[in-house]
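Novice: The repeat 'PPR' feature in TrEMBL is assigned to A:44-78, A:79-113, A:115-149, A:150-184, A:185-219, A:220-254, A:255-290, A:291-325, A:363-397, A:398-432, A:433-467, A:468-502.
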Amino acid sequence: MLHRKPLPSVYQFAQLLAALVKMKRYSVAVSLFRDMCVKSIPVNIVTLSTAINCFCHLNRVDYAFSLLAGTIKRGFHPDVVTYNTLIRGLISQDNPAEAQLLFTNLIRFKLIQPDVVTYTTIINGLCKRAHASTAVTLFRYMDKKGCKPNTVTYSTLIDCLCKLRLVDQALGLLHEMTKKGITPNVITYNSLIQGLCDFNRWQDVNQLLSEMNTRNISPSVHTFNILVDAYGKEGMINDAEDVIEFMIQRGQHPDVVTYSALMDGYCLRGEVDKALAVLETTMKKRGIVPNIRTYNILINGYCKKLKVDRAVDLFQQLPREGLSPTIYTYNTILQGYFLTGRHVEARNFFDEKMMLNKALTLNNITCSILLNGLCQNRFVVEALSFFDTMLSAGLIPDICIYGTLIDGLSKNGHLEKARSLFDNLPLKGLRPNVKTYTMMIQAYCHDGLLNDANELFLKMEANGCLPNDVTYNTLIRGFFHNKKYNEAGVLMDEMCARGFSADASTASALLDLLKSQEQNPALLALRKKFLT
DNA sequence: ATAGGGTTAG
């Protein structure tokens, strides 16, 4: 194009950029745009907006805004499309406050009139941050302002409601849109099918599929992938295979996502070798190239089967396949080593493979795997020193990390350290959850501090955290071990009243007690309670 | 008339 004389028009360059965007080749588009600027090829607001969009997709909203400044400086007028792009960029960069500010200023200074895309973008951003009710309010507001929601707006809201597990509300919106004459598309249905699959509502799924059929909306590869994944996760591997067979019959081509979902299904059943066969035969035969997620599934499968060496073989095979491991890959193998008691290899793997890899961002999962693994192997000092390493690497520990640490410390004879960590959680802006409370209660019980345990049990509910079945069972066993059978009985009644029941471990603890103290009246009363 | 922005799966 650059060598053509006369030069192709700005339209044709815009089309080329758009094609690259469609293929998600954002950095290629950006370098082409730069090339155009250097060679003084005319640009306009359309090509400029496309470049701004590319920067946003590359997570460089800062560059996007400096290009916006350049755009205005060169005398072009950013329009509603330009600003919608920037609003989406800010939201996707997790900066909703700036997005909000941009939106209000655009309206205040009458720079643009928000359109249906503006509202849809913001509704999506709100929903993805779990502000569903605000999103619905905005949804009703735009309608009132004369900006009619369209298929994409409804699909966005439906998808978000499904992800918040409000599937029936989402189905209500489907009904509402069709009544208004706004036709759902395959994306609308895919979101709903996913939402229903999450609840194993197979009958409703089939009803939606036949509804699609009546409306002449063909299921896409996406649709089938949702089904393969859902069946695989439920262990219904034959159904998953049937879906793939069906989609091929209908002329759809399964892709890497389809087969990865199938492989995950096999791995969850422990049939990792079958998953490997899918990769080595079916995918190869069909010319489908596996990606890192495909390998992660296999690596995870082998680790869960305690075949860590096979997992490491696959890990070492990655560069040959042109793939780079992700933090998920590393975390999986690290956990595999600990799971099989190979803590020396785990620590070498962490030191040599993970710490030295500059491209890797260690996360809270890494931290909790390490802390848990070290504590379970009685390396408390090392665990604490790793914790410090992670902190100085800039990691912000979440409540799960503290839970792991509290549990590990208390199980290795450091109850007071665990207690002080627990008590200082509010100072770190963290609230204990039901697991954290339960671990601390267990710690107190283990050291015979039943009063502290009971006090905390009462306190958690007062703090708005309801005990669950694990909490009750933990405290009841604590009373058993400290010969407080009457207290155990009272708590057992309370637990049953709340719809929980004694678990296997509590039951066997009681049976052991009964065996050794056949005539203890308190225990006999407990047995009566327990057996009825 | 031809070009840019918002929604779905592992």
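Counting begins at 1 with the first residue displayed.
Every residue, even glycine, has its Cβ placed from backbone N, Cα and C.
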Novice: DSSP helix, strand and coil counts for the repeat 'PPR' (A:150-184)?
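Specialist: DSSP classes over the repeat 'PPR' (A:150-184) add up to 26 helix, 0 strand, 9 coil.
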Novice: Against which stretches of its own chain does the repeat 'PPR' (A:433-467) lie, if we need a Cβ under 8 Å and a gap of at least six residues from its ends?
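Specialist: Non-local partners: 399-400, 402-403, 406-407, 410-411, 415, 418-419, 422, 425, 474-475, 477-479, 481-482, 484, 487.
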Novice: Going along the chain, which residues at least six beyond the ends of the repeat 'PPR' (A:220-254) come within the CB cut-off of under 8 Å?
Specialist: 186-187, 189-190, 193-194, 197-198, 200, 205, 261-262, 264-266, 268-269, 271, 286, 288
Novice: Same-chain Cβ contacts of the repeat 'PPR' (A:79-113) under 8 Å, 6 or more residues past its ends?
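Specialist: Here the qualifying positions are 45, 48-49, 52-53, 55-57, 59, 61, 64-65, 68, 71, 121-122, 124-126, 128-129.
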Novice: Can you give me the average pLDDT across the repeat 'PPR' (A:291-325), rounded to a whole number?
Specialist: 96
Novice: DSSP on the repeat 'PPR' (A:291-325): how many residues come out helix, how many strand, how many coil?
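Specialist: Secondary-structure composition of the repeat 'PPR' (A:291-325): 26 helix, 0 strand, 9 coil.
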Novice: Mind checking which residues reach the repeat 'PPR' (A:363-397)? Cβ under 8 Å, same chain, six or more beyond either end.
Specialist: 327, 330-331, 334-335, 337-338, 341, 343, 346-347, 350, 354, 404-405, 407-409, 411-412, 414, 428
